[in-house]
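Listed in TrEMBL:
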type     : residues  : note
DOMAIN   : A:56-456  : domain 'Cation/H+ exchanger transmembrane'
DOMAIN   : A:549-622 : domain 'Sodium/hydrogen exchanger regulatory region'
TRANSMEM : A:52-69   : transmembrane segment
TRANSMEM : A:76-95   : transmembrane segment
TRANSMEM : A:115-131 : transmembrane segment
TRANSMEM : A:143-165 : transmembrane segment
TRANSMEM : A:177-200 : transmembrane segment
TRANSMEM : A:207-231 : transmembrane segment
TRANSMEM : A:246-269 : transmembrane segment
TRANSMEM : A:302-321 : transmembrane segment
TRANSMEM : A:342-363 : transmembrane segment
TRANSMEM : A:369-393 : transmembrane segment
TRANSMEM : A:405-424 : transmembrane segment
TRANSMEM : A:430-455 : transmembrane segment
Amino acid sequence: CETNILYFFPMTRGNRTLTPEEEEDSQQHHNNTKAFPVLSFNFEHVRKPFEISLWILLALLMKLGFHLIPRVSHIVPESCLLIVVGLLVGGVIKALDSDASDTNSSVPVLNTKLFFLYLLPPIILDAGYFLPIRHFTENLGTILMFAVVGTLWNAFFIGGMMYGVCQIEAAQLGDVDLLSCLLFGSIISAVDPVAVLAVFEEIHINELLYILVFGESLLNDAVTVVLYHLFEEFSHAGTVTITDAFLGVICFFVVSLGGVMIGLIYGIVGAFTSRFTLHSRVIEPLFVFLYSYMAYLSAEVFHLSGIMSLIACGVAMRPYVEANISHKSYTTIKYFMKMWSSVSETLIFIFLGVSTVAGPHVWNWTFVIFTVILCLVSRVLGVVGLTFIINKFRIVKLTKKDQFIVAYGGLRGAIAFSLGFLLTDTHMKTMFLTAIITVIFFTVFVQGMTIRPLVELLAVKKKKETKRSINEEIHTQFLDHLLTGIEDVCGHYGHHHWKDKLNRFNKTYVKKCLISGERSTEPQLISFYNKMELRQAMMLVESGSLAVLPSLTSMQNIQPRDTVKQRVIPSISKRREEEIRKMLRSNLQKTRQRLRSYSRHDLMMDPFEEDLSEVKFRKQRVEMGRRVRLTETHLNVHNSLSFKGMLHCFY
Amino acid sequence: MVVKNCLLLCPVFVSAVSHSQITRLYSRFTSLDKGENGTLSREDFQRIPELAINPLGDRIINAFFPEGEDQVNFRGFMRTLAHFRPIEDNEKNKNPPTSEPLNSRTNKLLFAFRLYDLDRDDKISRDELLQVLRMMVGVNISDEQLGSIADRTIQEADTNGDNSISFSEFIKADDQRHERTWKHRLDTHIVTYVTAGVTNAGSTGTR
């Protein structure tokens, strides 16, 4: 692997930095003649963190800047703009550096280790944790077909054709052998999740297409890993035997299933840990992040598919963790994940731009042009061919429009670049890298920019924005039960049968283990309803206007499940506590609370904030007073409890 | 032979379900029919273990039996199941339907609606909704909470203000779901896999 140290700025030439003893010596020596230095400059001390922070700050400022120029950000997707910024920055650094004679280029490059260990995991974790499970499992067959068979087709087609191209005398590419071509094909064939996310996020396409392309980009990681290692081994060994090919197939299964298993194990352990975090709410989000990251790293140790491990961990952990953790932790997890993945994505694109400027390039017209053309052709052929087969098994067929979007959305990105970077240093490596960068630029710029007008032109269905209503939820569950029953009457073990079995198993065994307290037996309908009501109660309290009024009937029934006779607070569920707290706060005269001892580890509201919100609440008091009188009659709060006492307990 | 007789008896099904599907379902029918008298009773259905734990099990069983009868023959069995066959596009051109085909979306939803609406007054009242909710949710939830869920559901779906859900409002609720999941979830894969499973019919039929 390449060097581990990143040189961000040109090393200061000429002045050798003094070692501490020498510095002290010179200082002491100067003590007699010079005054004690009040201000001194010591950059080396903080060099590394300083540079890292500066880069991230730059990336984020760029992101902000784009939105100040509305016209541009409408036409050009953010990823393109970031790459351009990267190009500019790289150009600037190179220009500053142009008088350097050392061979070590001091322009930072998208180092493979940096990419795979630090920049990629947050994005994948964010994607995996918030993966729409229902849509994913309903289309799993299609997604797997595209991911596995499609990627294999792409790799072999591109590799094979490129070998054919290399045989042409005029191209002067005679030294590129078949295995190298196949290796190149395997690197360039995989659809990249980062690029897909970046582009598709902005066009708000309907969920089916989104999950097809995105799911494919996630699941093809296993194929890419196996193919890459396979061809790399072969190109060193020189010959291929049947056993090697057979072992390759076995390796694929091991890599993918092994990765998923590791992810599941970490996910279950993480869910189990979250069961006990009742008293240390502040560190709850960290568990989620750390277990997921460990899953990724553990899979990478064994050369298994880290991406699939990360996805499996997130998917497995999520339902149980969300039932256990507090509302604040849920918000923290959500926003931290989004924040990290956003920063990562921005950094990746900027570094791509910078690396383009930095790296040595070998431009070979034939090679590059044919690569681009072949990528497009193989993608289209692959999608059309596979859809033809898949449509025989689908109830809802994929139309021509869908096929076009799926084919057009096959973007290549930074993963291809990093894999190319990992190749052993040969003349071919630089040529390959140049071609890879060209393909990436082409897909991100051309396809990324034109996909939005094409989506509009073809009138592809957009994402439905409304939230799920309780009506829909009941209806969906009802239909699930109905169809399961019908399938049982027919004696047919179909999709619904197995889903029902899994749900039942989940309810009787798994939930009891992994969810603490009374939430473990709560039916899905009830938890959905509670979440909805809580959301609405908070919306009502937080917004100044009362434009959205929930039904009186539902507000009437917000009550603690157990009657509160004494100060037995743990018997009230956390949700109820939240709701009661909100209601009370909005109506009570806020007495100055005694100063409690400050503790860094407690989540207390800032007293200034409390005052501000109190002013807001007082404005609503007339309306809220009426409401609360209605609800008070239903709240089973005993009069013996003073309100102040209750407030004390809640904090 | 038996199957051909069935086909003669029920010409309306020739267009709705294919030959191999009928064969397969017939063998399922005979395996359920322990009394071997050509009809199924409620007990025969209740012997299916999964239906016993399905919250809607009893209502589904009842849906097979027409008003007031206790036995259902193969014709009735098929008629109910024919509701769930996927709608195919080429069908629309072949035979111009005189009446609406059994497996049209409206008829499917009518079937589901009738599972809610026990007293057949073409409205789902609050009580009927509460009963279904109670079956789906289990015994641990208090009545008031279920009541509030039922109230909210009716409030969301009810457009003409009669405090109950009519069939057209039911269809509208399904429209929302249909848009979100972009497919007719009332179709099952039964009939697409059936054509491959004629030889398996015997083994999967018995339990």
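Glycine residues also receive a Cβ, built from the backbone N, Cα and C atoms like all the rest.
Per-residue pLDDT, averaged over the domain 'Sodium/hydrogen exchanger regulatory region' (A:549-622), rounds to 55. If you count C-beta pairs under 8 angstroms between the transmembrane segment (A:302-321) and each of A:115-131, A:342-363, A:430-455, the highest count goes to A:115-131. Residues of the same chain lying 6 or more positions beyond the ends of the transmembrane segment (A:342-363) and with a Cβ under 8 Å from any Cβ of it are 55-56, 58-60, 62-63, 79, 82-91, 93-94, 105, 107-110, 115, 118-120, 122-123, 194, 197-198, 413-414, 417, 427, 430-431, 433-434, 437, 440-441.
Counting residues 6+ beyond its ends, the transmembrane segment (A:76-95) has Cβ neighbours under 8 Å at 9, 58-59, 62-63, 66, 106-108, 195, 198-199, 202, 345-346, 349-358, 441, 444-445, 448-449, 452 in the same chain.
Below 8 A, the CB atoms of the transmembrane segment (A:115-131) and the transmembrane segment (A:177-200) form 3+ pairs separated by six or more positions in the chain. Here the transmembrane segment (A:177-200) has Cβ contacts under 8 Å with residues 77-79, 120, 123-124, 127, 151, 154-160, 162-163, 166, 210, 213-214, 216-218, 220-221, 223-224, 227-228, 230-232, 234-235, 240, 307, 345, 348-349, 371, 375, 378, 409-416, 419-420, 423, 428, 432, 435-436, 439-440, 443-444, 447-448, 451 of the same chain, all six or more residues outside its ends. For the transmembrane segment (A:369-393), the partner stretch with the highest count of Cβ pairs under 8 angstroms, out of A:52-69, A:143-165, A:430-455, is A:143-165.
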